[in-house]
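A.B. asks: According to Swiss-Prot:
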type     : residues : note
ACT_SITE : Ser181   : active site, nucleophile
ACT_SITE : Asp269   : active site, charge relay system
ACT_SITE : His298   : active site, charge relay system
BINDING  : Tyr91    : substrate binding site
Amino acid sequence: MQLFDLPLDQLQTYKPEKTAPKDFSEFWKLSLEELAKVQAEPDLQPVDYPADGVKVYRLTYKSFGNARITGWYAVPDKEGPHPAIVKYHGYNASYDGEIHEMVNWALHGYATFGMLVRGQQSSEDTSISPHGHALGWMTKGILDKDTYYYRGVYLDAVRALEVISSFDEVDETRIGVTGGSQGGGLTIAAAALSDIPKAAVADYPYLSNFERAIDVALEQPYLEINSFFRRNGSPETEVQAMKTLSYFDIMNLADRVKVPVLMSIGLIDKVTPPSTVFAAYNHLETKKELKVYRYFGHEYIPAFQTEKLAFFKQHLKG
């Protein structure tokens, strides 16, 4: 195995100090209050999809900054209420064709919404970047916590849960969240910022332990941050940017999660280095389990899909 991060025995105890600023909790309290001022106004448009036993819709709702967020919603074609899953996709990694993932979950009995992250697909992005940014979204608005791109994204993830839980066909007491990479980070963030989810599954979560990530990640998108620092050589700029990131580090949000969590990581993951995933995992203070795949990188891990199905069956159907 090509080892580029810490050995497994060190990873298991890797728990860096949290970097949350003093006003961390207040920031998120006020952010959620801002979100609450926006009426969701969900809109469902039927979609003709070639599968029996499921109904499919294009779901759109209003979120933070009045952005119109959209995605695919698939529901079992039988009487509810049904358990539900909200799924978040990876960084710039969603295509309209991924509708089949939501259909697959619906065929397993879950009303499922796949949120399309603002700006990365067909969801509207109303955030601004007054100081410019590197290619991609990682540094958009990075010099101010109030304008940072992921403030809107995290709140969009929360709003998705609020919308789904309001539907008559959904059992609001049996809703789970899941996603991989960026989607894994959003899974932890949503479970930390909302009391709606009852279970969370995060595949190799991104957006964690930024201070280490920019030193050890070998592939994008963490490296967008490094690129921004190269172009903006001021030490003050780096200090301010890292302070902003601390508000969005899922390592700092982890202890707010109160529901069971299942997580995965491959030990040769060059995108979300294992240490950054363990950093978030080791700060969780809830019932948790981390599946380690020694010979996998940042990729689809077949065995974990079965683990995920079993986990949601236990916590949302059991």
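Counting starts with 1 at the first residue shown.
Glycine too: its Cβ is placed from the backbone N, Cα and C atoms.
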A.B. asks: Would you mind sorting out which of Ser181, Asp269, His298 (the active-site residues) have a C-alpha within 10 A of the one on Tyr91 (substrate binding site)?
C.D. replies: Ser181
A.B. asks: List the residues of the same chain that sit at least 6 positions away from Asp269 (active site, charge relay system) in sequence and have their Cβ under 8 Å from its Cβ, in sequence order, or write 'none'.
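C.D. replies: Tyr204, Val277, Phe296, Gly297, His298 - these are the non-local Cβ neighbours of Asp269 (active site, charge relay system), listed in sequence order.
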A.B. asks: Does anything in the same chain, at least 6 positions from Ser181 (active site, nucleophile), have a Cβ under 8 Å from its Cβ, and if so what?
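C.D. replies: Listed in sequence order, they are Gly90, Tyr91, Ala93, Asp203, Tyr204, Pro205, Tyr206, Val271, Thr272, His298.
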A.B. asks: Is Tyr91 (substrate binding site) helix, strand or coil when read with DSSP?
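C.D. replies: Where Tyr91 (substrate binding site) sits, the three-state DSSP reduction gives coil.
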A.B. asks: Relative to the Cβ position of His298 (active site, charge relay system), how many further Cβ atoms are located within 10 Å?
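C.D. replies: There are 20 of them.
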A.B. asks: Note down the number of other Cβ atoms within 10 Å of the Cβ of Tyr91 (substrate binding site), including every protein chain shown.
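C.D. replies: Around Tyr91 (substrate binding site), other Cβ atoms within 10 Å: 23.
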